[in-house]
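*Asks:* Just lifted these from TrEMBL, have a look:
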- 21: site 'Transition state stabilizer' (SITE)
- 28: site 'Transition state stabilizer' (SITE)
- 162: site 'Positions MEP for the nucleophilic attack' (SITE)
- 218: site 'Positions MEP for the nucleophilic attack' (SITE)
């Protein structure tokens, strides 16, 4: 399939969370990394890619940090209102994409705001591998460590066979319409969805796993930001 036959690719960044585990004075996406905020680095992964038609970022309605960032004035980035949960923010972002001209069969790549170390090679790989896929999929990494299942008493109940276990990363890439319907139906049914792939799974689909780089780190705890800062310093 040639590039001319491919449906457009869009990016959606849910960024309405507060990141309480960081124990910081602001949401983690606004913490500094290499002289910019985390979210600026994350957005640059997509705004600088020639195949991404546009980007929507879902933000808290009363977000006081976004307006002061240079990227807030980037015409390639449009804002949507975030929601109480990630799924709500993604749904609002999908509606905004539709307003911008995205069609049901266009692709949308949903990516964590606090995952700024997405390699261009991984993004390219995802686009190439999934462009003609009937469902879509996500970047993921095979489990490396030995995994234990715990009982209610906090003791090991079993050792999990890691041969079939993958750690889900982002971007997660699906068609705009099917993802929107899967998320909406899951929310109506009261199903807890932790990522877009789980919504598609609940809808009866089997997303494809695309092996990506392990350094596509999500900043969740203070040590994650420290490790990422050290990684970037070594590259300079």
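For all residues, glycine too, the Cβ spot is worked out from N, Cα and C.
Keep in mind that TrEMBL annotations are predicted by a computer and have not been checked by a curator.
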*Asks:* Counting across all protein chains shown, how many other Cβ atoms sit within 10 Å of the Cβ of residue 28 (site 'Transition state stabilizer')?
*Replies:* 26
*Asks:* Count the Cβ atoms, other than its own, that fall within 10 Å of the Cβ of residue 21 (site 'Transition state stabilizer'), considering every protein chain shown.
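*Replies:* That number is 12.
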*Asks:* Taking the Cα atoms as reference points, how far is residue 21 (site 'Transition state stabilizer') from residue 28 (site 'Transition state stabilizer') in Å?
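*Replies:* About 9 Å separates the two Cα atoms.
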*Asks:* Out of 162, 218, which of the recorded sites has the smallest number of neighbouring Cβ atoms within 10 Å?
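*Replies:* Among the recorded sites 162, 218, the sparsest Cβ neighbourhood within 10 Å belongs to 162.
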*Asks:* Provide, as an integer number of angstrom, the distance between the C-alpha atoms of residue 162 (site 'Positions MEP for the nucleophilic attack') and residue 218 (site 'Positions MEP for the nucleophilic attack').
*Replies:* 21
*Asks:* Between residue 28 (site 'Transition state stabilizer') and residue 218 (site 'Positions MEP for the nucleophilic attack'), what C-alpha distance do you get in Å?
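*Replies:* If we compare the Cα positions of residue 28 (site 'Transition state stabilizer') and residue 218 (site 'Positions MEP for the nucleophilic attack'), the gap is 10 Å.
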